[in-house]
Amino acid sequence: MLRWIEGPHSHMNNNSISGQIPPVLSRLPLLVHFLLDNNNLSGYLPPELYQLPQLQTLQLDNNHFNGTIPDSYGNMSRLIKLDLSWNHLNGSIPTNKPSDNITTINLSNNDISGSIPANFSGLPHLQKLLLDHNALSGSVPSDIWQNRTFNVTEKLQLDFQQNMLSNISGSLEPPANVTISLRGNPVCSAANQLMITQFCGIQNRSEEILSSSTIIPTNCYNQSCPDGYEYVPESPVPCFCAAPLRIGYRLKSPAFSNFIPYEDKFKVILASNLGIDLYQLSIVSFIWERGPRLRLYLKLFPKYGNHSSKFNESEIYRIEDLFAEWKAGVGGIFGPYEFLNFVLLSPYEEDANLNISKSGLSKGAIAGIVLAAVAGAMTLSAIISFYAAKQYMKKYHMTLRKQSVSKISIKIDGVKAFTFVEMMQATNNFSVSSQVGQGGYGKVYKGVLADGTVVAIKRALESSLQGEREFFTEIELLSRLHHRNLVSLVGYCDDEIEQMLVYEFMPNGTLRDHLSVTSKKPLSFAMRLQIALGSAKGILYLHAEADPPIFHRDIKATNILLDSRFTAKVADFGLSRLAPVPDVEGAVPGHVSTVVKGTPVSTVLNSDAACWPSIIYFTCVSFVFLNYILSYMVYRNLSLLLIVLTANQLGGPLVWYEVNGVRG
């Protein structure tokens, strides 16, 4: 296990890990982030963790730890963030003074008793001290902010709500930068006498902060930018209009609670990593989310001097690749990031669909390249899928069935729960004009959320409704899958006896829409190759990298969707009614059951050829790409021949497949 976590980041949060933290983990000299929050861990907190010399973030919240907080945790000289909230910790708060680097201490929602020690005073970078919902007694300290000078952007939040604090030590007169919450303590019964009523009311501990960098220069009001263009806020040239790229970006575990003091540093590092000037990067807004995680909405502007005032296609691809390949991280106290979206609006919409891959090769050469690439992708998928199935045979034993509904609903992170009313508003009351498709699961609608995000909403038919346990199991499974060639889950709705899944919207529809001779946007050979490889990468991720591995079992042209840049994204590995699957003893039930269509390995491990249907179906879809490259008869005969050979090679039954209306 030490070899597995030998790097600086150990992010094992939001899982179902149980047991106790082994003290041997203190032997990781490079560990900077140690995140085990939102699991089922129990036992005591290992005192040995203070021996981690580089540790900056320790998040163990929302588990079942008991016992006391080790005194040694005060000796972590580099610690910036400590979160032990929502456990069953007792005893008193250690009296060792924390690191001067500390920004966040969260011990809320435990059973901690005793008084609030004096060691929290004078910490120069402290932003949040959350001790609410414990059993603390004694006095409310009035010197935590003493001997500290606040600048305009710095804030300090002290939350002591729902304890047993009975008096005030000294005069409670904090500066404007400091907020104190005392509601639910005995001391508030004398709030008027002590003149602390402003601290005893209902405090709004909102995680949300909004900012805006889009400021129109005062001397530019008499002119306006063309549609799709806007003023570059910090341009060295006044009134410079340019077309921005819009980026969704999220810091997964920042080691601070107030972003504003670090905003300039973030921009300098990110602009450098992207290879752009500082004025080209604008932070439009940011908001704190559960975790806590920091979601940012960024705009990138082209450099002044570009005659078109917009990025060219090579620059767009370069920037997107930097984000998608995790090369746009800021690191340090900002931690790792998630790339949420890359939005191209006017005037880029018209250019995004162009085929930029021009080639001087002959059709025969291109056909050979396509054949070789598709065959290679299928072979690689087959090899790794079989390997993954065997490796995980003993590892997974239907763990999803053992999770409780209430725990699942709490543990799902990264997806949003929508109400039925929100879904109605997004789809104009599920109007016919909003419907974009229909399948066995139900109808699919195009919707626009309150924040302007365009999504696809799959609304289950009454016959497809599942129990809450099965529904949350699917959502938890889908929320773990993150790949640029998989359709991303945005959220879900389990309200008003309705079940809906909310996905990112794919403006270019399905692959099948573009393979017909009547298609308004026929695919070039190079685009077909790109889509084939993208689909293979998505399927390969499901087979070999998803945890647990997933076998799609329903790969077809209508389940491969295309975004605004014709990037292939595999879809529809959610719940559906399937044919009987052998149980763990090899018996085949005589009924049709509802299971996750993208079936975890544990449900099919009795067969070495468990993944052969996915490969067979992808083989068939791949030959659709060759439609217009080989003659119809050669293509049809070759398709059927290779399907037979593939089925025989994998030891599975022969599968007949219908391609473009021709059934083999």
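Cβ from N, Cα, C; glycine included.
Automatic prediction, not curation, is the source of TrEMBL annotations.
In the three-state DSSP scheme, Lys458 (ATP binding site) is classed as strand. Sequence annotations record features per position, and here TrEMBL assigns ATP binding site to Lys458.
Residues or ranges marked as domain 'Protein kinase' in TrEMBL: 430-664.
The transmembrane segment feature in TrEMBL is assigned to 365-389 (among others).
According to TrEMBL, the feature transmembrane segment maps to 615-634 (among others).
For Lys458 (ATP binding site), other Cβ atoms within 10 Å of its Cβ number 22. The average per-residue pLDDT of the prediction over the domain 'Protein kinase' (430-664) is 67, rounded to a whole number.
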